Amino acid sequence: SVSNIVPESCLLIVVGLLVGGLIKGVGEKPPILKSDIFFLFLLPPIILDAGYFLPLRPFTENLGTILIFAVVGTLWNAFFLGGLMYAVCQLGGPGLNHIGLLANLLFGSIISAVDPVAVLAVFEEIHINELLHILVFGESLLNDAVTVVLYHLFEEFANFEQVTILDIILGFLSFFVVSLGGVLVGVIYGVIAAFTSRFTSHIRVIEPLFVFLYSYMAYLSAELFHLSGIMALIAAGVVMRPYVEANISHKSHTTIKYFLKMWSSVSETLIFIFLGVSTVAGHHYWNWTFVISTLFFCLIARVLGVLVLTWFINKFRIVKLTPKDQFIIAYGGLRGAIAFSLGYLLDYEHFSMRDMFLTAIITVIFFTVFVQGMTIRPLVDLLAVKKKQETKRSINEEIHTQFLDHLLTGIEDICGHYGHHHWKDKLNRFNKKYVKKCLIAGERSKEPQLIAFYHKMEMKQAIELVESGGIGKIPSAVSTVSIQNINPQTLPLERVLPALSKDKEEEIRKILRTNLQKTRQRLRSYNRHTLVADPYEEAWNQMLLRRQKARQLEQKMNNYLTVPAHRVDSPTMSRARIGSDPLAYEPKDSENLPIITIDPASPQSPESVDLMSEEPKGCSGLPPSPEEDEEGLVMRVKEPSSPGTDDVFTPGTGDSPSNQRMLRCLSDPGPRPEPEEGEPFIPKGQ
């Protein structure tokens with residue numbers, strides 16, 4: 001119940017205080033956390049564990065935000081705090097007057113950096129969402145380069161009699177040397193580790209050893225040249241992981257995972273216990289003005305820095321950082337053992353106020369770890385900040401993620417905008433084409449990412465089944481690949497693709513070159529006046545119009561009962577009425593009746609439909625007569641039925657479905673329009 005309220009780091013510091021008090025109570029001198037022990041043995045396992053298992057996708061997507069917080073934010077904190085503390089020392093009385101500007105700036109650079117060990121210890125317990133966790137933790141990892149540069153810079157400047165502009169410019173350039181140099185050292189050792197793991201298939205036992213050995217060598221090599229050892233470790237872990245995991249066995253992967261977790265946990269425990277012991281054992285010089293001012297200005301600098309930088313960052317982010325997020329980022333800026341160790345490294349000869357600095361550093365560490373660390377969990381619950389959702393990745397999610405990556409890359413490609421999706425795609429292509437073939441052994445180098453992810457999931461599922469003892473009762477939904485992956489079989493030979501001749505290949509390339517659109521080709525600007533007319537466009541439009549008219553006529557004939565009659569009868573209807581009873585219906589203008597002529601060569605025309613007894617020329621099976629040739633369309637009279645036949649049930653020769661439908665239409669042609677002027681209401685003869 002205590003661990004639900006108090007973070008583990010606070011409990012460990014309390015244990016260290018109790019142990020230090022007991023050791024001092026029996027008359028012994030308690031051990032102090034020496035900087036060499038901390039930087040050489042306790043810090044590297046924690047950073048390697050963080051770098052090796054770094055969630056790469058959210059880290060790279062938010063890299064710009066992380067770098068702004070880590071570089072600009074740390075510089076702001078260091079100079080703001082150092083300048084204000086120098087002002088406090090000038091106004092604080094005789095005990096503080098001798099502390100100069102460089103000493104205060106050095107103190108500001110030590111206390112300004114967010115500590116990765118403290119952030120990991122607190123943020124992993126409150127299960128904050130992935131975005132906030134990677135922002136605060138990424139800042140704590142990458143601000144090491146700024147801290148190292150400022151620390152060594154002000155330490156060197158303190159020994160100079162006069163600091164010139166050239167020294168300041170060289171100090172500014174040394175930041176790039178320290179940060180990029182550390183990354184370069186880590187990348188080199190990561191590539192060497194991946195290349196070595198390619199040849200360890202016969203000695204699986206020592207595979208984890210190479211990961212730890214090369215990572216530690218990267219850290220020591222960077223520290224040897226005063227580069228950023230933390231950035232070297234992170235770069236080595238990020239670079240080697242995908243290639244090493246493809247080469248090593250599953251047992252070696254499990255060994256690396258759990259050994260790193262155990263090693264980092266032990267180091268973290270020792271660091272916080274030693275912090276408590278060193279607090280009891282160290283020499284302290286308490287100055288109320290200096291300590292309280294340090295604590296107050298630390299909080300003010302952090303809040304102001306986060307607010308100003310977030311206002312600037314949100315102008316470029318798609319997913320904006322809300323006020324709740326800004327509060328958690330500002331509140332999560334915890335200080336830890338790195339600041340204590342850097343303060344402990346100060347030399348008494350040049351910094352006589354070292355004990356006062358250490359007292360203020362320990363006070364800030366205790367306040368951030370105890371007060372902020374204990375209250376951040378209820379504040380997260382109170383503000384309803386989004387928590388981390390523990391979900392297993394699925395094949396479906398992986399497919400959609402890759403699809404969206406390709407889609408965004410294509411959109412950037414078409415727009416001509418070289419965003420991070422474009423460069424990420426370039427890097428993936430280079431990695432797949434060259435790097436994987438050199439660093440991954442066997443067929444795994446050619447395996448697509450989705451297939452590799454599927455095999456990884458299946459292997460994990462199979463191992464879980466074996467460990468749970470459920471191998472005898474495997475559900476039907478479980479793929480048999482799980483069982484096959486436990487005892488991998490020999491891979492089948494690659495399918496040989498049919499070889500193409502040079503001429504055929506050249507012909508295919510020519511077709512593709514002429515037909516595929518070149519997305520990178522810049523097109524000339526155009527307007528509607530310079531467009532070239534398409535010669536086929538007019539003919540195509542005419543054909544579409546003809547088809548549309550035919551479709552409309554057919555629809556009218558099918559739905560004639562529901563469509564109101566037109567005011568003017570069509571020629572076909574007029575002839576039908578005249579043929580049925582010439583005396584009963586006299587058209588007004590019989591001389592102007594149009595004559596329908598049908599060309600038998602165009603059966604697609606709407607006029608060629610078989611209506612009632614109308615037939616096109618030459619379509620009745622008999623040779624057309626000269627009279628029919630002149631008339632164009634002939635009205636044939638239906639022959640009367642014989643006396644013994646049933647007119648209703650005996651189908652006639654012209655009783656096709658379309659003819660019957662037409663007869664129904666003629667028998668009830670629908671609502672008639674109002675009689676026009678001059679037209680008799682009752683037809684003649686009735």
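Please read every residue number as a count from 1 along the shown chain.
Backbone N, Cα and C atoms are what each Cβ position is placed from, and that goes for glycine too.
Quantities reported herein were computed from a predicted structural model and do not represent experimental measurements.
Features of the protein shown, as given by TrEMBL:
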type     : residues : note
COILED   : 502-529  : coiled coil
DOMAIN   : 6-380    : domain 'Cation/H+ exchanger transmembrane'
DOMAIN   : 477-562  : domain 'Sodium/hydrogen exchanger regulatory region'
REGION   : 594-686  : region 'Disordered'
TRANSMEM : 6-25     : transmembrane segment
TRANSMEM : 37-54    : transmembrane segment
TRANSMEM : 66-89    : transmembrane segment
TRANSMEM : 101-122  : transmembrane segment
TRANSMEM : 134-154  : transmembrane segment
TRANSMEM : 166-196  : transmembrane segment
TRANSMEM : 216-239  : transmembrane segment
TRANSMEM : 260-282  : transmembrane segment
TRANSMEM : 288-314  : transmembrane segment
TRANSMEM : 326-345  : transmembrane segment
TRANSMEM : 357-380  : transmembrane segment
Segment proximity, the transmembrane segment (216-239) to the transmembrane segment (288-314), 3 or more C-beta pairs under 8 Å: no
When counting Cβ pairs under 8 Å to the transmembrane segment (66-89), the leader among 101-122, 134-154, 166-196, 216-239, 326-345: 101-122
Cβ-based contact of the transmembrane segment (6-25) with the transmembrane segment (326-345), 3 or more pairs under 8 Å: no
Close approaches to the transmembrane segment (260-282) from elsewhere in its chain (Cβ under 8 angstroms; 6 or more beyond its ends): 9, 12-21, 23-24, 29-33, 38, 41-43, 45-46, 48-50, 52-53, 117, 120-121, 336-337, 340, 344, 355, 358, 362, 365-366
Beyond the flanks of the transmembrane segment (134-154) by at least 6 residues, Cβ under 8 Å: 47, 50-51, 55, 58-59, 62-63, 65-67, 69-71, 73-75, 78, 102, 105-106, 109-110, 112-116, 119-120, 123, 171, 174-175, 178-179, 182, 226-231, 234, 328-329, 332-333, 338, 342
Long-range Cβ neighbours of the transmembrane segment (216-239) (under 8 Å; 6 or more residues past either end): 39-40, 43-44, 47-48, 50-54, 56, 116, 141-142, 144-145, 148, 152, 177-179, 181-191, 193-194
Sequence-remote partners of the transmembrane segment (166-196) [C-beta within less than 8 Å, at least six residues beyond its ends]: 145-146, 148-149, 152-153, 157, 160, 210-211, 214-215, 217-218, 221-222, 225-240, 243-244, 247, 438-440
Spatial neighbours of the transmembrane segment (101-122) far in sequence, C-beta under 8 Å, 6+ residues away: 7-9, 43, 46-47, 50, 74, 77-83, 85-86, 89, 136-137, 139-141, 143-144, 146-147, 150-151, 154-155, 157-158, 230, 268, 271-272, 294, 298, 301, 332-339, 342-343, 346, 351, 353, 357, 360-361, 364-365, 368-369, 373, 376
Close approaches to the transmembrane segment (326-345) from elsewhere in its chain (Cβ under 8 angstroms; 6 or more beyond its ends): 32-35, 38-39, 42-43, 69, 110-111, 113-119, 122-123, 128, 132, 135-136, 144, 147, 151, 271-272, 274-275, 278, 298, 302-303, 306-307, 310, 354, 357-358, 361-362, 364-365, 368-369, 372-373, 376, 379-380, 383, 385
Long-range neighbours of the transmembrane segment (37-54), counting only residues six or more past its ends (CB under 8 A): 116-117, 120, 137, 141, 211-212, 215-216, 219-220, 223, 229-230, 233-238, 240-241, 256-257, 260-261, 263-264, 266-268, 270-271, 274, 337-338, 341
Mean predicted confidence [pLDDT] for the domain 'Sodium/hydrogen exchanger regulatory region' (477-562): 63
